[in-house]
């Protein structure tokens, strides 16, 4: 397979998505997920463009995953065995390393291991990297690191060879079918049904990955002032309109696509050395950051009385979290390279 040059545009969007995810799980401590609502203490915002900031981060990650996979593999034959092996080796070893470090930390702090009555059979989801996805859907798990998105993207990789064939042979039809599946699955709500929640977080979001493939295929056609104007218009409408009855993941897709299009158009104006250096660093360590940030944030903030923390204190606490997350991410990255003997 021909090795293609990295696209700065895609790297920039990936770096922004990493920042959004970091902010998301820190802000969770102030918007009712991990304590009382204290919106004045969130970093930047919790609801950009009238959607949850975490949804924007996930939406951009899905789009960038679809775009980058299409960019790398477009019009090339896939060896299914080699493709699957490469994807698994890109995901699981580092996941195991991060999990082992978190497990050992908890083992030390808790003076032992307790599974709180959870059957050890649920450990299978950890072995395959699906534990956070299962927990988010409401199933028992031994989740310590990573996010539900990890299990979801692994499922996407499983079906990517088929998606690629369909997309290249019938782009319009594939996009249409994907859109219908997305709208139907995300519109039907059974919040108490764990299986259906799992379907919504997997099959129901694969279409957003396909949208990313489409955006990459027609990147040049979308690189114009009209695309920017339409995207800005969409963001203004959703920011000031009332869309409470629209399912959150549908709003996520609309906003994420608009933001993606804007970023692909303005990326060329953000190529200063300092910005490029930050983007390159964040992209290099994006996966270990993604794996360990939530665990680290939870461990750090529990040492503080968040009711007594002021707005400035909150920003300082966020910087403190980053100062721990970043070096540990580098450590996890280097450990994986050392264990796998990768330069």
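Glycine too: its Cβ is placed from the backbone N, Cα and C atoms.
Just so it is clear, the model here is predicted, and its values are computed rather than measured.
Here TrEMBL flags 8-334 as domain 'Acyltransferase 3'.
What TrEMBL records for 12-31 (among others) is transmembrane segment.
According to TrEMBL, the transmembrane segment annotation covers 51-73 (among others).
Look at TrEMBL and you will find 88-108 (among others) tagged as transmembrane segment.
The transmembrane segment annotation in TrEMBL covers 139-160 (among others).
Taken from TrEMBL, the feature transmembrane segment applies to 172-189 (among others). Sequence-distant neighbours of the transmembrane segment (172-189) (same chain, 6+ residues past either end, Cβ-Cβ under 8 Å): 163, 166, 196, 199-200, 203-208, 210-211, 214, 247, 249-250, 253.
Feature annotation from TrEMBL assigns transmembrane segment to 195-215 (among others).
The feature transmembrane segment is assigned by TrEMBL to 222-244 (among others).
According to TrEMBL, the feature transmembrane segment maps to 250-270 (among others).
Feature annotation from TrEMBL assigns transmembrane segment to 282-301 (among others).
Sequence-distant contacts of the transmembrane segment (313-333), counting only residues of its own chain at least 6 positions beyond either end whose CB sits under 8 Å from a CB of the stretch, comprise 22-23, 26, 30, 41-43, 94, 97-98, 101, 284-285, 287-289, 291-293, 296-297, 300-301, 304. The transmembrane segment annotation in TrEMBL covers 313-333 (among others).
Long-range neighbours of the transmembrane segment (222-244) within the same chain, counting only residues 6 or more positions beyond its ends whose Cβ lies under 8 Å from a Cβ of the stretch, are 49-51, 215, 251, 254-255, 257-259, 261-262, 264-266.
Distant neighbours of the transmembrane segment (139-160): 21, 58, 61-62, 65, 69, 73, 83-84, 87, 91, 95, 98-99, 102-103, 106, 115, 118-119, 122-123, 125-126, 128-133, 194, 198, 201-202, 205-206, 209, 290-292, 294-295; these residues of the same chain sit at least 6 beyond its ends, with a Cβ under 8 Å from one of its Cβ atoms. Tertiary proximity for the transmembrane segment (51-73) is limited to same-chain residues at least six positions away from its ends with a CB under 8 Å from its CB atoms, namely 1, 4, 7, 10, 13-14, 16-17, 20-21, 23-25, 27-28, 45, 149, 153, 156, 160, 164, 167, 205, 208-217, 219, 238, 248-249, 251-253, 255-257, 259-260. It is 282-301 that, among the stretches 88-108, 195-215, 250-270, 282-301, forms the most Cβ pairs under 8 Å with the transmembrane segment (12-31).
The average pLDDT the prediction assigns to the domain 'Acyltransferase 3' (8-334) is 92.
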